[in-house]
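Record features, source TrEMBL:
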COMPBIAS  300-310  compositional bias 'Low complexity'
DOMAIN    332-392  domain 'CBS'
REGION    300-329  region 'Disordered'
Amino acid sequence: MMALSLLSYDVSDLCLGKPPLRCLSASSSSVSDAIAALKFSEDTFLSVWNCNHDDNDVTECECLGKISMADVICHLSKDHDYTLAALNAPVSVLLPKTRSLVLHVQPSCSLVEAIDLIIQGAQNLIVPIQTKPFTKKRQQNDKVSVTTSTHSNGRRFCWITQEDIIQFLLGTIAAFSPLPAMSISDLGIVNSTHAILAVDYHSSPSAVISAISSALVDQTSVAVVDGEGDDSFTSLIGEISPMTLTCCDETAAAAVATLPAGDLMAYIDGANPPESLVQIVRNRLEDKGLMGLLSLFDSVSPSSPSSGYSSDEESPTRTTSFGRSMSSSARMARRSEAIVCNPKSSLMAVMIQAIAHRVNYAWVVEKDGSFVGMVTFVDILKVFRKFFENNM
């Protein structure tokens, strides 16, 4: 059977063409360093390592986790009374406290073993890659940056994500017939509304921050629902996605700390927040005496280097939310409009939809608009893993 031939693949096959990871040192980098590195990185996530690459450092390099601007925003929004201290805190405070989301594997790790690790909770698999040796001069120049891609003994690494494995399986989807055409409800992979992260449209900032933090660990999103009326009929209004926040700059922490769920959706939706919401955020910061966050909120102006607008682009009135160095099309790529499917959607259709929107999940909504739940890449990988098991 063609599917059985896939058992011969290992993670090194998925590493082809992947660039080496840009890394931050857990011992020498601060939250402020992480912000600077994320703003000028093409990647939305950076890896954090336990090594600092001093000449006398013989510690075996190990990846401790990954961070994004969403982690920074949650950190600053929780610690808004001490913004300067929060910025100077070690980058390790951005890592999840519950469990590691990354695991080191050898290039010979099989595809099935990689799927098992993802199902067990890993988000990224760290794989050593073969690269051309670099001269000492090149390595020294690499140290000028906050981040580096070269570790002790000249080693470099890449990482494999859930999306990488799903894309690989999608490329060989014909081998798994009849799974691709089966509906997600028939496959039993829809998580009910009781098992997902959801907040009411009017939920407080503290409830939203808690939900976003959990979504970061689970690599999913936060549903914003209509909590009024009959509990048997819940409407999905939208979502607050950590992937949306990764496109923002650190000043979005002020909005997360002050706005209820519905207003926060509007704030982070699109390229720039409505000026009316900007003023609401400023007023609430002043009312609460959060002068540290207010100073941070007002620190990014349209003329700043991090505003992400080139001289030939139309400059907006403000770049509070989307100050990352990226094109206008990239800023518009992530919106708070939820990515939805229905229970009768085929497995293949949901995979394509999620990949197209660069997310690891899709919300499930009935034709009458009632909110059913969510399907994730992990749920989908469990289906493929069972297929392998039944046909081995």
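Every residue gets a Cβ built from N, Cα and C, even glycine.
Caution: TrEMBL annotation is automatic and unverified by curators.
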Please count the residues of the domain 'CBS' (332-392) that DSSP assigns to helix (H, G, I), strand (E, B) and coil. 27 helix, 15 strand, 19 coil
What average pLDDT is reported by the model for the domain 'CBS' (332-392)? 88
